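If you look up Swiss-Prot, you'll see Gly19, Ser20, Gly21, Lys22, Thr23, Thr24, Ser178, Lys179, Met180, Asp181 marked as GTP binding site, on the strength of similarity to another entry. Among the features that Swiss-Prot reports, N-acetylalanine is placed at Ala2. Annotated site 'Stabilizes the phosphate intermediate' per Swiss-Prot: Asn78, in sequence order, evidence recorded as similarity to another entry.
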Amino acid sequence: MAGAAPTTAFGQAVIGPPGSGKTTYCLGMSEFLRALGRRVAVVNLDPANEGLPYECAVDVGELVGLGDVMDALQLGPNGGLLYCMEYLEANLDWLRAKLDPLRGHYFLFDCPGQVELCTHHGALRSIFSQMTQWDLRLTAVHLVDSHYCTDPAKFISVLCTSLATMLHVELPHVNLLSKMDLIEHYGKLAFNLDYYTEVLDLSYLLDHLASDPFFRHYRQLNEKLVQLIEDYSLVSFIPLNIQDKESIQQVLQAVDKANGYCFGVQEQRSLEAMMSAAMGADFHFSSTLGLQEKYLAPSEQSVEQEAMQL
């Protein structure tokens, strides 16, 4: 007698601003998962995505096309994309009919890059909420470009956006600093990498901003934003280079812990293996240190020395 098809499915909702590397992440992660023996289905939820580099199991473009919407309704790219997401929200039976035959696969959802969809517009959140009711356990994987760390003002903005996304999307959440191999192409980091990944004492960033004549006028605003971020104490990041298998493994370990895949029934796992997967994501200092040595130029001063000079 054949076993029943699994009812619970797992996956990642890959979100983030345009250019953060979502599609490249889906390609790299899908190849990595297949190498581990997982059956993977990549679902494109971005109607603006063209020339996809990965094999697409489900494409929202079959339901609604961004170009057609823009022409028919005389909308711009942003307005057209919002309409497409609202149209998908109103036709979730189409999406479920596409996903149900793929039960037993691990899903990667390549989502649109418009920030408002993840910070205050309700369509994408409603779609995710409905999928969880279909017993699809998702982790939101939020990518932001790592080069924002080189600019204190932009990093504070990234922290605010990440926090707003975490509160709005309402899914288990993993934040990634993508393109780690390019992190210092736009300037040197003021602090060690773990300062940014663990979001340590942000008062140091305020001191750096105070040295800029433009941002000195906005010190009180920046202080309030920093206080808000620290009061919630939710945001942290995992550094990612999608070309580095060890880096992908660290991300996957955190995602598996967040959506419960490491405790799933599809694979036989010993208690030791499950505890290793569950706990390992919390102790990645050595991995972060290794990435710093690999991608960042040696710093001549410590954080404490720099702080004393401010």
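Glycine too: its Cβ is placed from the backbone N, Cα and C atoms.
Keep in mind that this is a model prediction, so the values were computed, not measured.
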**Message:** Can you tell me the CA-to-CA distance separating Gly21 (GTP binding site) and Asn78 (site 'Stabilizes the phosphate intermediate'), as a whole number of Å?
**Reply:** 19
**Message:** Measuring Cα to Cα, how far is Asn78 (site 'Stabilizes the phosphate intermediate') from Ser178 (GTP binding site) in Å?
**Reply:** 24
**Item:** Under 8 Å by Cβ from Thr23 (GTP binding site), counting only residues of that chain that are 6 or more apart
**Value:** Asn49, Leu52, Pro53, Tyr54, Asp110
**Request:** Sort Ser178 (GTP binding site) into helix, strand or coil using the DSSP assignment.
**Result:** strand
**Item:** binding-site residues: Gly19, Ser178 - member with fewest neighbouring CB atoms within 10 Å
**Value:** Gly19
**Request:** Using only the Cα atoms of Gly19, Ser20, Gly21, Lys22, Thr23, Thr24, Ser178, Lys179, Met180, Asp181, which the record gives as binding GTP, return the largest interatomic distance in Å, rounded to a whole number.
**Result:** 17
**Prompt:** What does DSSP call Thr23 (GTP binding site) in the simple three-state scheme?
**Reply:** helix
**Item:** Other CB atoms within 10 A, centred on Met180 (GTP binding site)
**Value:** 24
**Message:** Give me the count of other Cβ atoms within 10 A of the Cβ belonging to Asn78 (site 'Stabilizes the phosphate intermediate').
**Reply:** 12
